[in-house]
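What TrEMBL says about this one:
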type: DOMAIN; residues: 944-974; note: domain 'C2H2-type'
type: REPEAT; residues: 703-735; note: repeat 'ANK'
type: REPEAT; residues: 736-768; note: repeat 'ANK'
type: REPEAT; residues: 769-801; note: repeat 'ANK'
type: REPEAT; residues: 802-834; note: repeat 'ANK'
Amino acid sequence: MSFGFSIGDFLTVFEHANKLRKRFINAPAQFDALSEQVRNLSIVVHDEDLALTNAVLDNQLKADVRKITTSCGDVLAEIERTLQRYDELETGHGVKKAWKRLRWDQDEIRELQDRVCCNINLIKGINGRLTRDNVVELLEHQKDEQHQACLDWLSSTGYAEVQSEYVSQRQPGTGEWLLESSNFQDWVSKPGATLFCPGIPGAGKSILASVVIEELNTRYEFDSTVGIAYFFCSFQTNDDQSQKIESLLACFLRQIAQSLPQIPESLKVLFQKHRGRGSRPSLDEYFSSLRSTLKHLSRTFIVIDALDECHFSTIARLLDMILELQAPGNLNLLATSRLIPEITARFKNKPTCEIRAATPDVMEYLWGNLGMLPSFVSRDPQLQEDIVRKITDAADGMFLLARLMLESLQHKSSPRKMKQELNGLTSVASHYDIAYDTAYDKAMERIQGQVRDQRKLAEEALSWIACAKRPLTALELQTALAVELGESMFYEDNVPDLEDIISACAGLVTTVARASGDVIRLVHATAKEYFERKWTVWFPDAHCRISTTCVTYLSFDVFEEGICSNQTDFEARLHKYPLYAYASMNWGHHARSQPIDESLMIEFLSNRLKVDASVQVLFYLGGYFTHSGYNRNEPPGFTGLHLAAYFGLLSVVSCLLTRSPDLVSTRDSMGRVPQAWAAYNGHTKLMEVFMNYGLDAKLKDGAGRTLMSLAASMGHSDVVNYFLEQQVDPNIRDADNRTPLSWAAYRGHLEIVKSLLEKGADPEARDEYGRTPLLWASYEGWVEVVKLLREKDVDIEASDRLGRTALSWASENGHVVVVKLLLEKGARLDSKNAEGRTPLSWAIQSQQEPICSLLTPSQQTRDAASQSFNLDTNASGQVPPDISGSLGAKINQVPAAKPTEVDQPNFDDGRCFQCPLCNRSSLTSNKHVLQRHVRDLHFPRFRLVCPEPNCPRSFQRKDKFLIHMKDQHQKDIQAEEINACQREEPLPEGCVICEKQVTSWEIFYTCIETHIQAHFVT
């Protein structure tokens, strides 16, 4: 019997074995053992047949299976021949089996048994290998999933999408001059080299950056020891979290890590540490992990395009870090930028290759796109040559300008008119800003020359794109253009086609694919700058028209229903009405820029249900629903006057107060009167209007905040100065005993701190928690504020009710410069809080390595720190997990140094965070402080419940809980008692900012932290 291998051969063996088993019926006892082995073989073969049905076998395994099936077939055939010698069939009235009485050959039968048993073991071995391979495959799959999860957690920036977009725009054959240049060849061949590629606007820098990236990817495609990372800065997203320094490092780290066969251990540790906590790494952690990851590669290339389109403070810090990473000599950097003096200075003494559109490249592009011109051009070779030559000369190394000039010829109706246009191009590009203004002027003139409907469509679209408060999605723009003024409903059949909009705009706009939908934007940064200068020329009433459209949209009858009572309905409303979010958030800002029909606004603001519906969006997306007193599914209690005051609409506020003076004292769900929102948002001119209606400046909101403290905390110096001029006491207290100076110091508003001190504010004033302005400024790391207060000779050793000093808070929160300032003023290293902990022990707990160096000038201090550090052990005597780590373990290895001798990186360089959940200038220069702010103030996972009977109080913050227990119940709670008072809060259904559903606190915090980075400002 032949067994040519296929998966079905095991089934054939199984059938053959079963057939033989039937022949053992009534066999002598000597056959029992052999019969049992054949039975076992049939079972094993059947199971293996099932196992192999969907298995993917390598060549070796296929060969082994082929041998086994052949062996099984051979032994079964041998058994069958043996049985034929021992049994016979006799035919009578029926079939009867008889067994011949031959001499029994025991050795023969035993050999057959052994062969069957051997095959059974071989099959089991195959199954074991399959199982092992499956396990390995499963483990590899799990590892791949973990690998991808780590990469996704690091960064979701769509860098590859942008690269693909630029590659698709490249005219074939262009850009080769850069790759062939000696500058590039030296850069790519010399490890650790830097190449700076400046260029005038529109020279094609981004396209050439993509050419470099493509070349690197091709050159090192199969070399896993070379890492490649890149980033395209963009004027459209320079306020987005993706262009903050942490995000840039995370983006580079992801790209480099994904090229490695395995995630580096340092990155795994970072991932596990922060995913478990629901936090994001600090800048120092990103940098350290990136440095460790680079050690796994022989070489790394980083390409950054358009440095000039990112905040300079971010770029300066990033370049400092890259310079440090280049020290080992295996990191190459190539960067492009406009010729900005501050940026150019950063590359002093570095090789430079100026980016200009090479004449052959411009000509290649023009020849490749002559097809867009009228058909008479294709029939006139001389005209074609004139077009290419004259545009090339006029463009003078600017690709974008060449494109705009070519597009300006698209609608010329005759050769004569085209030649006239070409003659007008001569020497236009003598200065690029004039050249671009001329090109954009001509584009606008072409728009003006279109038929009425197309011209109107283009003007309205461009006015929205140029003057909107944020980038618009294509759907938002289409919806805005479809709104008919004076109508009470939206007509879907009035929505213009996106292609028609782009066509009407004469090449000035383009779309960019994003996960949230296509974003429509101006074609280039030079176009944005052009309209910033000239919007009043082309769209003199842009803000008026935008605001009128928004108010009309918000006034549609469908919103007469008021707020949505649940999350599902609210999301459905935002999806169904694409302009609703933008209109609710921004109509008032546009109306403040340019007055609109007052009666339209008054009618809208007088409709309580429509105001409620709009404010639900405003407060939901603005994060106000996280405040006590606001519920996203209940009306926030805003009147039309509240909303007008919120946006600072002076004439509307005056009109509403004239109609209904009693509205001035109406409070919303947060206990705020309209004037409080005017103070909160810095609308100084409204202060006098409200004060004329008799409002008391000492008025407090539901949280006990005074008007001046609201303005001081938000950084509105004009409003604070107004109150000071009105003789409002600079030491006016909130419900928690905080002064405006306390709030200004906490938020880092230096000018307000100066004004308040000049007017007699008490620099030593303590709040409910015993904290002075210096304590708050040190807590947040505001260097200039600390300097100013230090000059006022405030008490450096002042401690709060927990016994913590300014040095203690600054040390824990990682404020290196503040720690230096306090040490220079004589702050005590050995100061201890109520738990006996020193500043050094707090620095160890939060793993602030630079500060540990500052705080350990002697062995005696290190011993004291270790002693206070050991006070924080658990019942088993072990250091808690958040404290024990490499830093804690190596505390005695920190080198001694004098504070003035330590040259640590400056982590307090004016970088700020703005909490999106407060929608206020809740600014801090330290990321970890803000993370705690979010977790402690807004979404604590645990709440501390007072253990005393009949006391209903609970607290989000440990310090408030301890103070409550001490003040109200005269009890000092020990560390081991705190855990018993913790209660876990219910997990929110989803992220309060993006509404993404979450399944754990870790995922929830990770999502929140991602959004927080979007509010990183400088």
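From the backbone N, Cα and C atoms, a Cβ is placed for every residue, glycine too.
Mapped onto DSSP helix, strand and coil, the repeat 'ANK' (736-768) counts 17 helix, 0 strand, 16 coil. Per-residue pLDDT, averaged over the repeat 'ANK' (769-801), rounds to 93. Look at the repeat 'ANK' (769-801): DSSP puts its residues at 17 helix, 1 strand, 15 coil.
Applying DSSP to the repeat 'ANK' (802-834) sorts its residues as follows: 16 helix, 1 strand, 16 coil. With helix defined as DSSP H, G or I and strand as E or B, the domain 'C2H2-type' (944-974) counts 12 helix, 4 strand, 15 coil.
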